[in-house]
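Peer 1: First the structure, which I've put down as structure tokens, then a few questions once you've had a look.
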Amino acid sequence: MLELDIQRATDAATPEDAALRRWCELALRQRSADSEMTIRLVDEAEGRELNHTYRHKDYATNVLSFPADVPDELLDIPLLGDLVICVAVVEREAAEQGKSLEAHWAHLVIHGCLHLLGYDHIEDEEAEEMESLERELLAELGHPDPYADDETDSITH
């Protein structure tokens with residue numbers, strides 16, 4: 001079972017809790033253990049501040065993943081970590097890339113969850129594995145390949 005804490009630190013429209021949960025559970029289903037995580041939905045100012053603090057980049061990015069660094073045996077429920085998603089960036093990217101807002105939200109939540117599970121896209125081989133899994137999961141939701149018409153990775157972090 002997933003214990004999901006959803007924090008809305010913005011007045012902008014955001015997906016419903018049920019949708020966020022569905023996308024997380026889909027991405028995390030390979031993990032058999034109970035898990036706990038947080039999704040914080042932020043405005044551009046907070047997104048920029050966090051990206052600057054943790055990545056030394058002076059702009060808001062779409063999703064930041066903060067995997068927990070606590071041994072599972074020390075917790076009642078294993079803590080996966082936190083996702084911080086900048087609502088304005090998600091909306092802007094979806095419009096610029098001609099994607100539905102729901103498909104882009106689903107992609108970024110799944111992408112962030114995979115980071116919490118240890119997936120990465122720094123090396124080409126790792127990126128191919130991660131993107132392949134993202135495509136598969138999004139197809140299950142009926143969403144198109146997020147990388148199909150994109151010569152560059154749409155994930156900006």
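Keep in mind that glycine also has a Cβ here, set from the backbone N, Cα and C atoms.
Bear in mind that the values here come from a model prediction, so they are computed numbers and not experimental data.
Under the heading Zn(2+) binding site, Swiss-Prot lists HIS111, HIS115, HIS121. Annotated region 'Disordered' per Swiss-Prot: 136-157, in sequence order. Residues annotated as compositional bias 'Acidic residues' in Swiss-Prot: 147-157.
For the listed features, I'd like the structural context: burial, neighbours, distances.
Peer 2: HIS111 (Zn(2+) binding site) falls within a helical segment according to DSSP.
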Peer 1: Given the binding-site residues HIS111, HIS115, and counting only Cβ atoms in the protein chains shown, which has the most within 10 Å of its Cβ?
Peer 2: HIS111
Peer 1: Measure from the Cβ of HIS121 (Zn(2+) binding site) and count the other Cβ atoms within 10 Å, all protein chains considered.
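Peer 2: Result for HIS121 (Zn(2+) binding site): 19 neighbouring Cβ atoms inside 10 Å.
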